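The structure appears right after this line, and notes come after that.
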Amino acid sequence: MIQIDALPAFSDNYIWLLQDTANRRCAVVDPGDDAPVLAWLGKHPGWVLEAILVTHHHHDHVGGVEALKHATGAQVFGPANERIPARDIALEDGAQVHVLGLAFDVLAMPGHTLGHIAYYTAQSPTPLLFSGDTLFAAGCGRLFEGTPEQMHHSLQRLAALPEQTQVYCAHEYTLSNLRFARAVEPHSEPVQQRFEAVTQLRADNRISLPSTIGIERQTNPFLRTAEISVKQKADEWKGHSNPTQASVFAALRSWKDVF
């Protein structure tokens, strides 16, 4: 059984800490800062950091990699098509990574960056997805390198995963994302209920993650481009009809960028 905890970093990043409590082994996902990880290891003597999983090259995801590798000897996994510091294993779509007794499938997720990857496993009691900055709770990453078509395809690929899949994204953006979701679907009861629940969580200084694929299908406008009401709002924003789901996505993303 793997336990997963969030190590907060910077203003809104989460470094995900995977723990094999029976064997005192652990792994981290996207350590943008080494300090929170080293602090945790310092409080847990006898634990071994054996793997570092990286989704993409942005500094707030890789800034702590080299120091952690130097301190612990952990093996570093990351996308083949991006420059990842201290990377040992370069990963492409369809690869499989074995970490803490779980086999993670590597999914290419171009959009936020061109080489972005996600890690997915169905081997745990509940399927797990580490989506980096591709799929957020109620949102998605900005398009720094890829096209709207690429990002839409990446998100649709994630939306097809089992609905019970737990989604561990890299930032606490949920509340602001839900404000946008309410603008897109103002009459959606699931969106409103989620907004109220997350508002309370954040007021209590609790994190809003993980989400699930099922919740995202209901409340994330970027996964709901096939819905007529979502298309209508996208058309209103652009001032013309968006003929494809990818163009609906592009309209939503451009709207969110200035929301």
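Start at 1 and count along the chain as shown; that gives each residue its number.
Cβ coordinates come from backbone N, Cα and C, glycine included.
Noted in Swiss-Prot for the protein shown:
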- H56, H58, H112, D133: Zn(2+) 1 binding site (BINDING)
- D60, H61, D133, H171: Zn(2+) 2 binding site (BINDING)
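Feature map: Swiss-Prot annotations on the structure.
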residue	record	DSSP (3 states)
H56	Zn(2+) 1 binding site	coil
H61	Zn(2+) 2 binding site	helix
H112	Zn(2+) 1 binding site	coil
D133	Zn(2+) 1 binding site	coil
H171	Zn(2+) 2 binding site	strand
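Within its own chain, H58 (Zn(2+) 1 binding site) has T113, D133 as residues 6 or more apart in sequence whose C-beta sits under 8 angstroms from its own. Across the fold, the C-alpha of H56 (Zn(2+) 1 binding site) and the C-alpha of H171 (Zn(2+) 2 binding site) stand 14 Å from each other. The two recorded residues, H171 (Zn(2+) 2 binding site) and H112 (Zn(2+) 1 binding site), have Cα atoms 14 Å apart. Neighbour counts of Cβ atoms within 10 Å were taken for the binding-site residues D60, D133; the minimum is at D60. Geometry remark: H61 (Zn(2+) 2 binding site) versus H112 (Zn(2+) 1 binding site), CA distance 13 Å.
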